[in-house]
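Asks: According to Swiss-Prot, the protein carries these features:
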BINDING   C98, H101, C169  Zn(2+) binding site
Amino acid sequence: MDAIVKNFPGAGAKPDVAEARPSQAEAEEAVRVLLRWAGENPAREGLLDTPKRVAKAYRELFAGYELNVQDVLGTTFEEVGGYDDVVLVRDIPFFSHCEHHMVPIVGKAHVAYLPAGRVLGLSKIARVVEIFGRRLQTQENMTAQIARSIEETLKPRGVAVMIDAEHMCMSMRGVNKQGSTTLTTSFTGTFKNDPAEQVRFMTMVRNR
């Protein structure tokens, strides 16, 4: 049976910004200040264009602040052959930045849900991970945000999210433990209430 596309309002709007965004020139000057603070000379040849490059890179790295998750999740499909079992998208690569030190977080996300009459396009799940990843984050918060946005928009029987990531704030500084990763999970609905469904999710993620 052909899918029927419907639009629904969803969760995950762009975060509120307390103040007006600084100008490009102000952002570039802030980079020059940091370079001087680090002991560098922003006027030397190799650093002349660095402020502009950093500002451009940050606009890309933090593009999630410009995007609204509900715009991604607002379109769902009905009448997909009566399918009502687990939908899992695993090994979604992502990067984010630690909100405490503004250094990278690199990992993979695994996202599953149990449909209740509607399903999402598979690319939409990966897109949600990307949007939340391209913001300053803690891994715990990002895990919960992904689950909550799908839960509130799709209204499935349950959502399961697992993130496995390495934090450069632990690898490059502080305790300097390269290769250590952090695992977080978030469950809603049936996944939260039924341990057997949690085990099934974990098994599906790990089976290759």
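Quick reminder: no glycine exception, Cβ is built from N, Cα and C everywhere.
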Asks: What kind of secondary structure is H101 (Zn(2+) binding site) part of, going by DSSP in three states?
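Replies: SS state of H101 (Zn(2+) binding site) = coil.
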Asks: Does C98 (Zn(2+) binding site) have same-chain partners at least 6 apart in sequence with Cβ under 8 Å from its own Cβ, and which are they?
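Replies: P104, I105, L136, Q137, T138, H167, M168, C169 - these are the non-local Cβ neighbours of C98 (Zn(2+) binding site), listed in sequence order.
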Asks: By the count of other Cβ atoms within 10 Å, pick out the sparsest of the binding-site residues H101, C169.
Replies: H101
Asks: Around the recorded Zn(2+) site, report the further residues of that chain (criterion: Cβ within 8 Å of the mean position of the Cβ atoms of C98, H101, C169; site residues excluded), sequence-ordered.
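Replies: For the Zn(2+) site, the extra neighbours are H97, E99, H100, M102, V103, I105, H167, M168, M170, R173.
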Asks: Return one of helix, strand or coil for C169 (Zn(2+) binding site), based on DSSP.
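Replies: Its secondary structure by DSSP: helix.
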